Amino acid sequence: MASSSTKTLLSLSLCLTLCALSQATYSGLILTLVNNCPYTIWPAIQPNAGHPVLERGGFALHTLTHRSFAAPTTHWSGRIWARTGCSYAHGKFSCATGDCGGRIECEGLGGATPATLAQFALHHGHADFSSYGVSLVDGFNIPLTVTPHEGKGQCPVVGCRAEILQTCPAVLQLRSHGGHGPVVGCKSGCEAFKTDELCCRNHFNSPQTCKGSSYSEFFKHACPATFTYAHDSPSLMHECSSPRELKIIFCH
């Protein structure tokens, strides 16, 4: 039988090991999703091709709660958005906005538009840059901001805090319950009218031919520090060197 002193040493060793493992989990960049909305949302995470799915791609986040997890330690890029108005009905899960094929865990699938997107490129360049921006190119469903902590260089808070659903033009409104319910999303001009010019497709798919429209200007006026059409200013994607945390705050 082990002596009491041996047990103490074993317990101390185990504690030190577990503490070291716990610290290692968050030794690099942390991503924190914060729900400041007065209702539950379902954040979704989609990696770009070739990058791993984080947190199984989605989960529920109750009002006034947050969820933190370690970002990959090597280069990763992708997007995060919130799904709203989600529910189970007749054994099926679905969301009024941002739905990813009727799943709670999106597992790499994209979301239905319109949706406010936070875009990221982590761990790149000579100074361990994390680039981030907020896009309304696919429309708007919920205010969100990205706040970096403890980074160096260009590390501003960016995003869209405006309640765009309240001012969304009628031609861009997405309404729940088959179009008869409240406004739950504000479509882009591309989604509303599906023209090559507004979608920056085919002949219009270049910085020279893809231009802003009255619809993208509506979004730009409400939230100047966001992308509002496909070839919008690249300077809106900020580079922050070695941040400790990137906080994505919904309804900020």
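Placement of Cβ uses the backbone N, Cα and C atoms for every residue, glycine included.
Feature annotation from TrEMBL assigns disulfide bond to CYS37-CYS251, CYS86-CYS95, CYS100-CYS106, CYS155-CYS240, CYS160-CYS223, CYS168-CYS186, CYS190-CYS199, CYS200-CYS210. According to TrEMBL, the signal peptide annotation covers 1-24.
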Pairwise CA distance, CYS223 (disulfide bond) versus CYS168 (disulfide bond), rounded so that it is a whole Å: 13
Cα-Cα distance linking CYS106 (disulfide bond) and CYS190 (disulfide bond), given in Å to the nearest integer: 24
All-chain count of other Cβ atoms within 10 Å of CYS106 (disulfide bond): 25
Least surrounded among the disulfide-bonded residues, given as CYS186, CYS251, when other CB atoms within 10 Å are counted: CYS251
Nearest of the disulfide-bonded residues (CYS86, CYS210, CYS251) to CYS106 (disulfide bond), judged by Cα-Cα distance: CYS86
Candidates CYS86, CYS95, CYS100, CYS199, CYS200, CYS240 (disulfide-bonded residues) with Cα within 10 Å of CYS251 (disulfide bond): none
Which of CYS86, CYS100, all disulfide-bonded residues, has a Cβ with the fewest other Cβ atoms inside 10 Å: CYS86
Cα distance (Å, whole number) from CYS37 (disulfide bond) to CYS155 (disulfide bond): 24
Length of the line joining the Cα atoms of CYS37 (disulfide bond) and CYS160 (disulfide bond), in Å: 14
Winner by Cβ contact number (other Cβ atoms within 10 Å) across the disulfide-bonded residues CYS95, CYS223, CYS240: CYS95
